[in-house]
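> Take this structure, written in structure tokens, and hold onto it; I'll ask about it next.
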Amino acid sequence: MKIERIRGGVSLRRTIESGTEEQRRAVLDIIANVRDRGDAALKEYTERFDGVKLDSLKVTEEEMKRAHAAMDAEMLEIIRQAAANIRDYHKRQKRESWWMTKEDGTILGQKVTPLDAVGLYVPGGTAAYPSSVLMNVIPAQVAGVKRIVITSPPNKDGTLPAGVLAAAYELGVTEIYKVGGAQAIAALAYGTETIRPVDKIFGPGNIYVALAKREVFGHVAIDMIAGPSEIVVLADETARPDEIAADLLSQAEHDVRASAILVTPSMKLALAVASEVERQLETLPRRDIAQAALENYGAIYVTETLEEAVDVVNELAPEHLEVMTAEPLALFGRLRHAGAMFFGRFSSEPVGDYFAGPNHVLPTNGTARFSSGLSVDEFVKKSSVIVYSETALKQHGDKIAAFARLEGLEAHARAIEVRLEKGE
């Protein structure tokens with residue numbers, strides 16, 4: 001890994017992939033075709049892009065039961081424990097409707113309502129992610145969403161990854177479709193003969209999925225446009241190089257565009273970590289992916305002081321931040337921008353990916369400066385409630401009418417005055 005002495009001025013805000021003109025046109029064509037031809041278009045795209053001809057798009061209950069039965073019993077118990085932790089954490093995020101009554105009899109409040117239906121896209125490719133099923137489905141269930149739909153591209157044999165199906169079965173999700181890519185997003189947004197539309201779409205995917213989510217946004221809601229995974233480790237001379245290297249590689253192995261950065265005031269630690277990364281790379285199964293990520297988006301930044309290192313971390317605003325210093329929680333108040341913060345050497349990033357309970361769907365590309373990770377809030381909507389009393393309207397009606405006329409809206413003013421029997 002390259003080592004660089006710095007004094008601020010760094011950024012994770014890489015160029016956001018907007019796709020080529022050809023890719024954008026392809027996505028628009030796919031969406032239009034799915035809207036026009038429904039299931040027939042989905043099956044054609046599945047045969048073309050995934051190499052499998054399907055008679056039915058929907059995963060059967062029997063397929064889910066087989067996948068669940070084939071799962072190792074110990075692994076199933078781990079999934080159950082992780083699910084319990086995730087559910088316990090997210091229950092604390094749930095908001096209830098509330099009311100307040102003022103002295104004049106006015107009642108004001110907020111009604112919190114779960115979304116009716118949500119869709120979760122689970123990507124295929126080089127790895128299967130049952131953890132993504134847990135992290136997206138559980139907060140939806142805690143919020144009270146009644147209909148949860150999963151779509152995922154099928155394997156060449158027409159099946160979905162057993163881990164994904166087993167996790168969904170454990171959570172009681174039964175509406176799952178063998179559809180991937182932009183065509184899946186189109187189906188979730190607009191519906192087909194088999195797939196009823198949803199209100200909001202969640203989950204990461206490739207550039208075609210990202211472009212499709214952008215295109216359907218407004219007709220339905222979306223969670224975010226997820227970028228490649230990121231980790232920043234803030235460490236001092238007390239940290240262990242082998243642990244830091246392992247954590248950097250844990251993100252680098254995700255994707256060739258993943259980012260892994262160490263920020264430290266210790267050149268000795270920087271050199272040791274760089275050496276340890278090379279040593280650990282030798283035996284990593286996904287070595288080629290991790291190495292490409294480190295070459296393109298990996299770095300070790302050396303600052304003059306720990307205080308400067310904290311400033312650099314806040315500028316980076318990473319998806320994942322690990323703090324491995326002599327007194328990690330002493331920095332809690334100064335650290336402002338990160339999707340998730342992991343304090344201390346035993347809080348390795350994969351703890352949050354799989355088991356601790358907080359959500360692993362987090363803002364990337366420096367957007368942790370202004371956005372948050374996935375939560376129960378993403379699965380509800382809030383409506384203002386106003387029950388104005390006659391006393392209150394008589395007391396404030398003239399003010400409301402005056403405000404309306406200030407903006408040139410006479411009908412607004414008259415709507416108030418007719419109730420005060422002052423209409424002209």
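Each Cβ is built from the backbone N, Cα and C atoms, and glycine gets one as well.
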> Please pick, from His90, His320, His337, the residue that Swiss-Prot records in the substrate site together with Ser229, Gln251, His254, Asp353, Glu407, His412.
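According to Swiss-Prot, the candidate sharing the substrate site with Ser229, Gln251, His254, Asp353, Glu407, His412 is His320.
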> What is the interatomic distance between the Cα atoms of His320 (substrate binding site) and Tyr121 (NAD(+) binding site), given in whole Å?
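Cα of His320 (substrate binding site) to Cα of Tyr121 (NAD(+) binding site) measures 22 Å after rounding.
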> In angstrom units, rounded to an integer, how far apart are the Cα atoms of Ser229 (substrate binding site) and Tyr121 (NAD(+) binding site)?
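Between the Cα atoms of Ser229 (substrate binding site) and Tyr121 (NAD(+) binding site), the distance comes to 17 Å.
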> Name the residues of the same chain, 6+ apart in sequence, whose Cβ is under 8 Å from the Cβ of Gln183 (NAD(+) binding site)?
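Sequence-distant Cβ neighbours: Ile30, Val34, Ala41, Leu42, Tyr45, Thr46.
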> Just name the most isolated of the recorded positions Glu319, Asp353, Glu407, going by other Cβ atoms within 10 Å of its Cβ.
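The recorded positions Glu319, Asp353, Glu407 were compared, and Glu407 has the fewest Cβ atoms within 10 Å.
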